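Colleague: Below is the structure I would like to discuss, written out as structure tokens.
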């Protein structure tokens, strides 16, 4: 079952769901909008770098930068950029979140891969943005994600406790 704005408010008031900071326009009709944080990371453009997904951390291949509301960051066509949410999110054990790009940003030719926030997850959300056909400039604090919450049929037996638990800022991929 998808949660309405009323249900989301109840979860927040009971502190079962945490979104911090919570802005007046965060809660929408059937989900919440999350904002860009201040940190962005992009992969170096070097044909000689090959990342071994079984062994290599990608820290050496990422260039991370902080920006502000005045300067923003440009996402170039076909560029993959990791972004973080401004908000810290704590999910209860009976909700999952379906993460979607707000249609405004899709209309600017950006897109994201399908993303789920697992029951029990705590942290900032790291999201991959993919540039479309034109360069697009984005800014911290812009609402860019829409998260739809769905209640599981029962609380999950094993809440999320993986390698991205309690991540802060942009968290690059970690080998398994």
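Even glycines carry a Cβ here, placed using N, Cα and C.
Below are the features listed in Swiss-Prot for this protein:
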type	residues	note
ACT_SITE	128	active site, proton donor/acceptor
BINDING	102, 103, 104, 105, 106, 107, 118, 160, 166, 167	dCTP binding site
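How about a rundown of where these features are and what they're close to?
Modeller: For residue 128 (active site, proton donor/acceptor), other Cβ atoms within 10 Å of its Cβ number 14.
Non-local contacts of residue 106 (dCTP binding site) by the CB criterion (under 8 A, 6+ apart in sequence, same chain) are absent. In three-state terms derived from DSSP, residue 106 (dCTP binding site) belongs to a helical segment.
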Colleague: Measuring Cα to Cα, how many angstrom lie between residue 118 (dCTP binding site) and residue 128 (active site, proton donor/acceptor)?
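Modeller: Just about 17 Å between their Cα atoms.
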Colleague: Provide the three-state secondary structure of residue 166 (dCTP binding site) computed with DSSP.
Modeller: coil
Colleague: Whole-number answer please: how many Å between the C-alpha atoms of residue 128 (active site, proton donor/acceptor) and residue 166 (dCTP binding site)?
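Modeller: Taking the Cα atoms only, residue 128 (active site, proton donor/acceptor) lies 18 Å from residue 166 (dCTP binding site).
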Colleague: Mind computing the max CA-CA distance among 102, 103, 104, 105, 106, 107, 118, 160, 166, 167, which the record assigns to dCTP binding, rounded to whole Å?
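Modeller: Answer in Å: the longest Cα-Cα distance is 33.
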